[in-house]
Every structure is written in C-alpha cells, then in structure tokens.
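Notes to accompany the following structure.
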Amino acid sequence: MSLNLAALAQAANEARGLGMDAVEKAASGHLGLPLGCAELGATLFGHAFRYNPDKPEWLNRDIFVLSAGHGSMFLYAWLHLSGYKVSLDDIKQFRQLSSTTPGHPEFRDTPGVEATTGPLGQGVGNGLGYAVACKMAQAHFNTKDHKIFDQKVVVLAGDGCLQEGVAQEASALAGHLHLDNLIIFYDSNDVTLDAMAIESQSEDTAKRYEAYGFEVVTVKEGHNIERILEAYEHAKNSTSGKPQLIILKTTIAKGITEVAGTNKGHGEAGVKFVAAARKGLGLPEEKFFVSKGTRDYFQAHKEKLQKEYASWEKLYSEWRSANPELAALLDSAKVTPDASKLFSVIPKFADAPIATRKAGSDVLQPLAKALPLFISGSADLHGSTLNYIAGAGDYTPKNTGGRNIKFGIREHAMGAMLNGFAYHGIFRPSGATFLVFSDYLRPSIRLAALSHLPVIYIFTHDSVAVGEDGPTHQPVETVSSLRLIPNLDVIRPGDHEETAGAFVAALSRTTGPTLLALCRQNLPNLSQFDVNARREGVLKGGYILQKETGALKVIVISTGSELNVAVEAAKRLGDGVRVVSMPSTYRFDQQPAEYKEEVLPSSCKKRVVIEAGVTPLWHKYVGLEGKIIGIDRFGTSAPGATVLKTLGITADAVVAAANSF
C-alpha cells in the first residue's frame with residue numbers, strides 16, 4: 001500500500017478531534033500528547049505497523065507500548081480508527097465507570113492495549129521486557145526454514161518517562177543487551193506538567209542514549225509524516241545491532257493555538273478552545289467525527305494487514321506440522337500448570353537444616369526442568385538468592401535463548417521488565433533480590449497485581465535474622481506492607497516442604513503475581529509432620545500443622561522462619577495447643593468460611609501469633625483477646641540469633657503469652 005500522505009494527514013486531524021471531544025465530554029483527561037503525536041499515530045497505525053485488529057493477540061504482531069499512559073486518548077483513537085473493538089461509543093465513554101477506555105490504558109480491558117501504563121517510565125521497562133521476550137521466542141521457536149517470530153517493539157515515551165529512574169535503568173540495560181528490536185519514540189515537546197522542561201532538565205538526551213548504546217535519530221519536523229516514516233524505516237531496518245531512539249520534536253497540544261507548546265497544553269486546559277481548534281483543523285462542528293474517506297482508508301489498510309496475517313498463518317501452520325514438539329511447547333504457554341504434576345517432580349527433602357532460600361533453589365531446579373519456558377533473573381544477587389537455573393544459560397546478545405537474566409543492580413527495571421515478559425505471554429518470569437529492596441520495585445509489583453500478571457518474585461533475607469548487616473537490610477514492615485497490595489499473594493514458607501508448596505502455588509497461579517519471602521538462616525525441616533500436608537497446606541494459605549491433644553485451649557499461629565519456634569513452644573505448653581501455619585494470609589482469606597472455621601474455630605479466643613515483623617495485620621486473626629509477638633521497631637546489627645532473642649522472637653515469649661490468658 002503506497003504512502004497516501006493526504007489520507008494520513010486527514011486521519012491525524014480526525015484523531016485529534018476524537019481526543020478533544022473525548023476529553024471535553026469527560027471534562028477530564030490529557031490533550032497534549034494525543035494532539036502532539038497525531039502524525040506519529042497516523043504513520044504507525046495507518047502505514048508502517050504490523051498488526052491485525054481482528055486478532056489482537058497475534059503472536060507475531062508488532063508491539064506498541066504507550067509509556068506516557070496519561071495520553072491514553074492517543075491510543076484509543078488509533079485503535080478505533082484501525083478497526084480494533086474500540087467503538088465510537090467507547091470513545092464517548094472515556095474515563096467513565098466500567099468503560100473500556102479508562103483514564104490510563106489497562107491491559108486486558110481494551111483490545112490492542114499491550115501494557116497497563118500511567119506511572120511514568122514503567123512502559124519503557126515493559127517494552128524492554130517485551131523486546132527480550134521476543135528475542136527469546138525467536139531463539140526457542142524459530143527454525144532454519146520457518147521464522148515465525150520477527151516483530152518489533154515500539155515504545156512512545158515523553159520527557160517525564162525519560163526523567164524517571166526506572167526508564168534510565170531499563171534504557172541502560174537495553175543498550176547493554178543490544179536489543180535491536182526495540183524502538184523508543186521520544187515525544188520531545190520540551191514541556192512538562194508544571195513548566196517548560198528546561199526548568200527541570202538540561203542534559204543532552206541524545207548523547208545520554210548514545211552512551212547507553214542506542215542508535216539515535218532526531219526528527220526535527222515531528223509532525224511531518226514522511227520524516228517520521230523515514231526515521232522508523234531506518235530504525236526498523238538498521239543493521240547496527242543497537243536499540244533505537246527516535247527523538248521526535250513535536251508541539252504539545254498542536255491544533256489548539258491558545259495552549260499549544262506550553263505546559264497548559266498538557267491536561268484539559270485547552271478544552272474551552274476546542275471549537276476554534278476544530279475549525280482550524282478543518283473539522284466540521286459534528287462531535288466525534290470520522291470521515292468516510294478515513295474509514296475507507298483504514299478498511300483498505302486492514303485488508304492489506306490481513307493478507308500479511310494470512311501469509312504468516314500459512315507459515316505458522318507449516319512450522320507446526322514440521323515441528324510438533326516445538327508447537328506443543330508453545331501451546332504449553334497457555335496452559336496453567338497442574339499442581340499435582342508439579343509436586344511429583346520435586347524430591348522429598350532430607351532432615352538436615354537448611355534455609356528456605358536454599359530449599360527454594362533445590363525446588364527450582366526440577367521445576368525449571370519440567371517447565372522449559374520458566375525464566376529466572378536476579379538484580380545482581382543470584383549467588384545469594386540462589387535462583388539461578390542450572391544448565392539454562394545466561395541471556396546475552398549472543399545467547400538469546402538463555403533463561404537466566406542478569407538485571408544488574410536495577411531492581412526497578414527488573415520489576416518493569418518482568419511485567420513485560422508476562423504481558424508477552426510465552427515465558428513465565430521470575431526475579432529475585434533481597435526482600436528489603438522490594439521497595440525499589442514496588443510500583444511494578446503494584447502494576448503486576450493490577451494487571452493480573454503471573455509474575456513470581458523470589459525475595460530472600462526476609463527478617464531481622466539477616467543479622468550483622470543491621471536495620472538497613474532487616475525487613476520488619478516489608479512483608480506486611482506487601483500483603484496490603486490487592487491481588488498479590490505473599491507466601492512465607494516455614495520449612496523445606498512448605499517451600500516446595502510455595503513454588504508450586506506460585507507456578508499454578510495465573511491470575512496475579514506471587515511473592516515468595518524466603519529466609520537466609522538455616523531452619524529445621526519439620527519432618528515430624530506429614531510431607532504432603534505441609535506441601536499442600538500452603539495452597540490453602542493456612543492449615544493445622546499440629547492438632548491439639550485433648551480439648552482445644554490455645555491456638556498458636558505462625559509463618560516462615562518462626563514456625564519452628566511455634567512448634568517448640570507448643571511442645572513446652574503441652575496438651576490443648578494447636579499450631580496453625582499461615583504462610584499466605586491472601587490464600588487463607590479466600591478459603592470457604594467452613595474451612596477457616598475448622599482451622600481457627602471462633603470458639604477459641606485464646607490465640608497467639610508470632611512473626612518477625614510488624615504486628616498490626618495480625619489483629620484480624622487473633623481478635624481482641626489474642627496476643628501478637630512481633631517487631632514494631634527497626635532491628636539492630638548483631639548475629640541473627642542474637643537479634644531474634646533481643647527482640648523477643650522466642651519460644652519463651654510464646655509460652656509466656658499463652659500462659660497469660
């Protein structure tokens with residue numbers, strides 16, 4: 001399809017009109033980017049991009065991530081014009097309750113939206129994750145005769161995105177990994193929300209990205225479709241082996257003369273000038289107007305794209321016939337792993353005391369072998385988090401099939417990249433660091449939970465038992481604060497077998513992220529209790545580890561490394577004491593009322609909780625009469641056992657609390 005500049009220019013102005021009308025109707029939203037990047041949208045969606053609006057999950061589609069998610073009407077307008085299932089009525093419901101056009105793009109809610117974005121810079125990390133996943137897919141599934149994967153990943157980012165630390169971490173890693181399938185369009189309009197960008201930035205962005213290892217092209221005429229296309233085609237076909245940054249010099253809110261090029265053009269301030277702007281753009285007074293010419297153009301373009309899809313589908317069918325084992329492996333990406341099958345590949349543990357981080361490593365190896373699409377990364381801590389997949393190789397520019405990813409000391413980029421992997425959907429991502437550093441990637445964890453992404457976090461060194469490193473490295477509030485994130489399953493296993501259950505629980509969950517909080521110090525394997533009961537009990541979040549002898553008098557509840565302390569205390573207390581292990585409050589809370597009553601009968605008011613962390617969240621489980629043994633202060637630097645004793649995380653404390661009723 002030849003380049004039809006007149007049709008694309010008309011479509012750009014009509015997309016501007018849709019943006020203005022939607023924001024005006026909602027009395028809320030951001031006009032700046034949808035108007036400032038309209039020609040970019042026309043170039044990509046109207047000519048250069050490979051997609052199929054009827055098959056939005058096409059495996060080999062080009063990926064578009066709107067990192068500057070506040071400009072969501074840019075994306076909705078182009079999805080509508082391109083023929084995705086985003087209707088004009090959907091556009092009219094922009095930012096309204098239960099609409100498919102929310103204020104910021106949300107994955108799964110809107111066909112064609114590839115990532116949940118809004119917190120600036122996250123989309124850059126997501127794009128990097130997508131790009132690595134695409135490279136890995138090529139390495140794992142392409143053959144000499146059938147190259148079924150060769151797509152590009154395009155990110156649209158603004159000044160705010162590139163100022164954020166997560167984007168800087170991700171960009172540095174993208175250059176290091178030579179991700180030549182990644183193209184970042186930088187909407188360089190020299191404006192931020194508060195003021196002109198020069199008031200908060202003065203670096204040379206082009207030189208910064210060249211230093212990262214990018215090839216950089218600047219398009220001074222950012223509203224010239226021919227120049228944009230030239231830059232995109234250059235980036236797409238470059239043989240430099242580098243990721244690409246295209247700096248697009250644009251005018252924010254172009255079309256609304258009164259606010260264009262100023263920070264007032266960022267939000268909805270220009271709405272009161274929409275009528276004049278519509279006239280200046282050559283649009284009729286009719287709201288939400290799309291001309292027949294634009295409809296016809298995109299229908300013809302859609303037919304062209306569908307021919308490309310049909311050609312690929314033929315290639316894909318031939319690939320499946322020629323490579324049944326690879327086809328089965330690819331199909332497995334859409335199948336939720338069966339917990340019983342996963343348990344069957346994990347060997348039973350010996351009785352020797354080991355840390356749950358080491359138990360995690362022992363569990364991870366057979367599971368990773370059984371699940372060839374499972375990948376594991378670490379923020380420069382594989383040697384401590386022990387989540388390296390033996391024999392799977394490192395992902396490098398020369399080994400793009402490697403399943404271990406070295407993120408470097410870039411926790412935030414790791415979090416955003418893991419989300420990108422999960423959005424991609426073929427590989428099952430996991431990443432590791434120390435639990436106390438989870439705060440460095442919390443925004444990405446939150447977005448994973450919001451987007452229902454099956455990311456697995458392996459966070460070790462989970463309590464004050466870290467010891468000598470002191471309070472900067474001793475998480476006390478961290479586990480509880482993470483439990484507050486909706487749809488995040490935080491599992492803190494108490495021994496080897498519970499660790500096996502935790503990994504299986506994580507891998508068999510596909511509706512959201514799972515966080516495994518593992519300890520540094522050695523723990524006894526509670527081998528006096530049934531192996532399967534411990535493994536499978538984790539799947540329910542909480543279970544009776546040790547049933548009382550005789551009439552029930554006291555319930556002791558515990559998690560993680562304090563579970564053995566609870567068992568020791570129960571032994572000393574004697575008859576009538578029940579020990580409940582609760583590695584996951586999230587899972588336990590989802591159990592039927594009958595099960596929860598069976599584990600924690602309401603008739604028993606005498607309850608004690610022990611966990612080496614802050615106490616407030618435990619009140620719902622002990623009630624007004626219960627006792628909580630925890631740590632409502634920061635830790636201290638000393639050997640781990642000394643710290644635990646000093647802060648009262650002991651069997652003596654549990655016994656004293658139980659006897660105080």
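Any Cβ shown, glycine's included, is placed from N, Cα and C.
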Write down the one residue from Asp351, Asp469 that Swiss-Prot lists together with His30, His266, Arg357, Ser384, His461, Arg520 as binding substrate.
Asp469
What does Swiss-Prot list, out of Asp159, Asp180, Asp204, as binding the same Mg(2+) as Asn189, Val191?
Asp159
Since the record lists Glu411, Asp469 as recorded positions, which of them has the fewest other Cβ atoms within 10 Å of its Cβ?
Asp469
According to DSSP, which of helix, strand or coil covers Val191 (Mg(2+) binding site)?
strand
Among His70, Pro119, Gly160, Val191, these being the binding-site residues, pick the one whose CA is nearest to that of Asp469 (substrate binding site).
Pro119
Mind telling me which of the binding-site residues Asn189, Ser384 has the densest Cβ neighbourhood, counting other Cβ atoms within 10 Å?
Asn189
Can you tell me the three-state DSSP label for Pro119 (thiamine diphosphate binding site)?
coil
Reported as an integer number of Å, what is the Cα distance between Gly118 (thiamine diphosphate binding site) and His30 (substrate binding site)?
12
